[in-house]
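Data block below; observations after.
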């Protein structure tokens, strides 16, 4: 029986090649989109699950109430670590203070290589369940030890066991290899972390860190923890929220910070907050593409339904004969289900091949590592369900409709598609184009938002600027020599040092006080230490007062505020204002000498952070250079590199263009826009080939009517209008529905941005015009072809 169904199905597919190709092609495209998105979503939901303690690992977050709004940040002060150990130790198995992930220089016998690493407290190895290749992480308690990844081990020692071998961090701190761990899974928050060094070494090598052990105002560190076996995140969070009172913390009289735990399961997908509540994160993109995948697959299924029901009259006699010789409706339904299943299977095979070939491109675009789990039984079970559901959606209506054909009418040749069938077909076409237009509108708005943010005034000139990280002590004492030589050979315009790269703020501090300060004001300021040439190098704009000067000794206790800081502090006349930073013996007074225009150093979609600039070269670990464009960028860059190598031969010349750093801030949105644009094109393409098939069938169905009209004097133009207008009308109806829906959906999406583009009329109308033009071009080819047929040929059977 099944063989019989398959043979008939294959015969019908082979007999109607053009319609079969359209059906298979449309479904294959829809399935390809759905499969790629499904695999990516699965990968995202598996993020960090490679850690054995996935359900127990948390990050401690800081909550500050600023102007009535609760802001949540991952940067925390050092004292919170000892405070948690003293008060909440029973709730945790490990409490781990850590630095930030940063690039460092590892060297072995003058072989310097740049690797990303982190300093972490003891307990990190067990918390992260490191898979050791050599050694063990218990020896990590030695302050001069280091755990390295397998990649680092191979880079320095090949396939040899490196335990006991010596390395140097940043050409300054000697360490001994005590363990080699398997590289972190790419699909994890610690991906690319090439080494873990002891926290005690970080403290010993950075005096300012040791000094900050009792400073609650310096939020410059990370804090991870692993819950005790019998504890849950919600339970411990509640205890911390209820128990962490201001009177429990020494030296926190001026602070209003509270703390909360963010479980590892939320680090990747749900790490965004608004007024202290989780509002999402990457999960929004996951849901968005999930909806897009469903929409594109649904459009492909609608195509199949439309073309199958449109050809009902062609198959009416076949159904009539089968019913006349005793076939039951159930048998006919099974036959038509098998036909659609065969189409679905062929489309699925094509889709899987396309996915397999296209995944490398997708991974490169989306900076991910999606793979096809060929060996997973669950994967194949999901695929079977996927095919069956697709077949159920695409094949149910045609099977029900075709099996309902009356035998007598069909055999007499009097069967015509009823009003309900025609109406259903029109509704499906409108639904198809409505979904496609909403996708196009969404893509257009995303692109517009990206351009809107890219064109925002940065407050400085990012062109010809490069940032260089000072990773080695060899930089110390060489800065002036390098700067003077580069300026003298005219390869640069200027050069400066700072504590943060141009597109980030690395340090946040509070506990600033001034005369007239509102006691209820809770402040958190970006703090950047710079040299006197910083402003001239980056091209910032002094709005009031003056810039730093290396010829004024007093400028070491002077500060410059940005406009956001002045407004936030409520300073009407900030110049010469005295501001105290810190409390007790550590307090220090500074004088405001200038106000600069706000600069976009963080998210281009958010307001500028209130920022305070200090002049202190001792705190700098970045060099910013303004290249001389007149010398040619490549030539100037070569001279800069040669000069650095001359004075610091053992340090890698690791630079980045500020313009590239800024462009990278839009990487996520650009990826979303690119993929949404591609999927929108696929959706409209599916609609187009569906219309092409329908137009071909309608022209074939009305060929005698066209012949009669031509005999009676109808022109090709009149016939073209007659055949095209119904499709154009349906697309117009789709546009009327899609425009308000698209506007509403994207209006909600834009609310996440403080600085957002307006949704202009052309963003809504242009997609509708594109759809009408595509429809016109698609239908016109068939309509004009049918209109040009010689009426003798079309009427010769009459």
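Along the chain as shown, the residues are counted starting at 1.
Every residue, even glycine, has its Cβ placed from backbone N, Cα and C.
Curation does not apply to TrEMBL; its annotations are automatic.
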Identify the transmembrane segment range according to TrEMBL, selecting from 264-287, 312-335, 336-359, 456-479. 336-359
Given the ranges 288-307, 488-507, 508-527, which one is assigned the annotation transmembrane segment in TrEMBL? 288-307
So which range, 649-671, 672-694, gets flagged transmembrane segment in TrEMBL? 672-694
Have a look at 238-258, 427-447, 532-552, 553-573 and point to the one annotated transmembrane segment in TrEMBL. 427-447
Per TrEMBL, the range holding transmembrane segment, considering 183-210, 379-406, 575-602: 379-406
Take the transmembrane segment (672-694) and find every residue of the same chain, 6 or more past its ends, with a Cβ under 8 Å from one of its Cβ atoms. 18-19, 22-23, 25-26, 29-30, 32-33, 285, 288-289, 292-293, 295-296, 299-300, 302-303, 306-307, 310, 365-366, 425, 429, 432-433, 435-436, 439-440, 442-443, 446-447, 450, 727, 770-771, 774-775, 778-779, 781-782
Proximity verdict for the transmembrane segment (762-784) and the transmembrane segment (427-447), three or more C-beta pairs under 8 Å: yes
Cβ under 8 Å to the transmembrane segment (288-307), counting only same-chain residues 6 or more beyond its ends: which ones? 19, 22-23, 26-27, 29-31, 33-34, 36-38, 40-41, 340, 343, 390, 393-395, 397-398, 425, 428-429, 431-432, 435-436, 438-439, 672, 675-676, 679, 682-683, 686-687, 689-690, 693-694, 697
